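Colleague: Per TrEMBL, domain 'Tetrahydrofolate dehydrogenase/cyclohydrolase catalytic' is recorded for 5-116. Per TrEMBL, the feature domain 'Tetrahydrofolate dehydrogenase/cyclohydrolase NAD(P)-binding' maps to 136-274. Feature annotation from TrEMBL assigns NADP(+) binding site to Thr227.
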Amino acid sequence: MPKIIDGKALALEIQNKLAKEITNQKLTPSLAVLLVGNDPASKIYIELKKTACHQVGIEFHEYCLAEETGNEKVLEVISFLNNDDDIDAILVQLPLPEHLDTNQIIQAIDPAKDVDGFHPENIQKFLNNQTDFVPGLPLGIIKLLESTGEKLENLTAIIIAKNEILYQPLAKLLQDKKIKTQVFKPEDKNIKNKCQKSDILISACGQPFFITTDMVKDKVIVIDVGTNKVGDYVVGDVDYSGVFEKAGHITPVPGGVGPMTVAMLLCNTVKLSRVKNKIKSTP
Ligand code: GUN
């Protein structure tokens with residue numbers, strides 16, 4: 001298997017399969033995306049999601065609100081989308097402007113339309129094995145790990161993250177695969193030592209060049225979730241050129257986790273649409 005884990009190619013393969021399924025079964029899935037403000041990275045992500053939706057045949061509805069929009073107005077839009085029968089799935093693009101209450105806004109999404117799986121009710125159901133709906137980002141990471149062809153069972157993994165919404169479901173999925181997983185915050189003083197002992201290293205700390213060559217084990221599998229703007233470039237959390245030499249497998253940025261997250265978003269939109277419209281999936 002090649003050293004570079006090609007998320008873009010894998011995402012394309014998944015999207016092509018999904019497009020066929022949508023056409024053959026005459027599905028009409030629809031996704032609403034809500035953006036508040038002018039964050040340039042968010043705008044780029046939304047464009048990527050829109051293009052991918054159009055390519056596979058998912059209706060894409062974009063709601064853009066001004067930076068200064070208040071909490072009540074955002075909640076009003078969500079309530080409108082919750083009640084709109086033509087909308088199967090809702091995504092609120094994060095991060096929201098600081099004056100907004102992100103938790104309250106996520107909790108206002110109808111759990112049946114929560115395509116990210118971020119609603120606390122959905123997170124609890126997932127952690128308690130009460131649903132087969134898997135949040136997109138962690139699911140994409142698992143598929144990237146599987147694509148290496150390596151035997152993952154009994155390996156050790158470290159997740160470096162600040163955000164519970166990401167690491168809780170991801171840690172569960174890894175543990176379900178019998179991968180011994182530990183989560184650390186980037187500021188933990190034992191981080192270097194812990195990284196050096198891990199067979200799998202997943203970084204989502206949002207700090208460019210945080211993971212350096214001296215921190216990783218020989219033949220490590222590296223999944224870089226970071227998307228950090230440095231000058232005109234987007235880079236991950238990993239000092240790629242150095243770590244590449246030592247790694248067994250590594251995701252590039254861009255072209256690794258990002259496209260897979262989009263592909264999983266599309267799959268989950270179709271999944272919610274099937275449930276809402278009571279359409280069985282075919283094997
Ligand atoms: N911002 C960056 N990635 C994501 C994502 O997967 N979902 C949402 N809602 N916002 C994001």
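Quick reminder: no glycine exception, Cβ is built from N, Cα and C everywhere.
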Colleague: In which DSSP state, out of helix, strand and coil, do we find Thr227 (NADP(+) binding site)?
Modeller: coil
Colleague: Check the domain 'Tetrahydrofolate dehydrogenase/cyclohydrolase NAD(P)-binding' (136-274) for me and report the mean pLDDT.
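Modeller: When the pLDDT values over the domain 'Tetrahydrofolate dehydrogenase/cyclohydrolase NAD(P)-binding' (136-274) are averaged, the result is 96.
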Colleague: Work out, from DSSP, the number of helix, strand and coil residues along the domain 'Tetrahydrofolate dehydrogenase/cyclohydrolase NAD(P)-binding' (136-274).
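Modeller: So the counts come to 58 helix, 30 strand, 51 coil.
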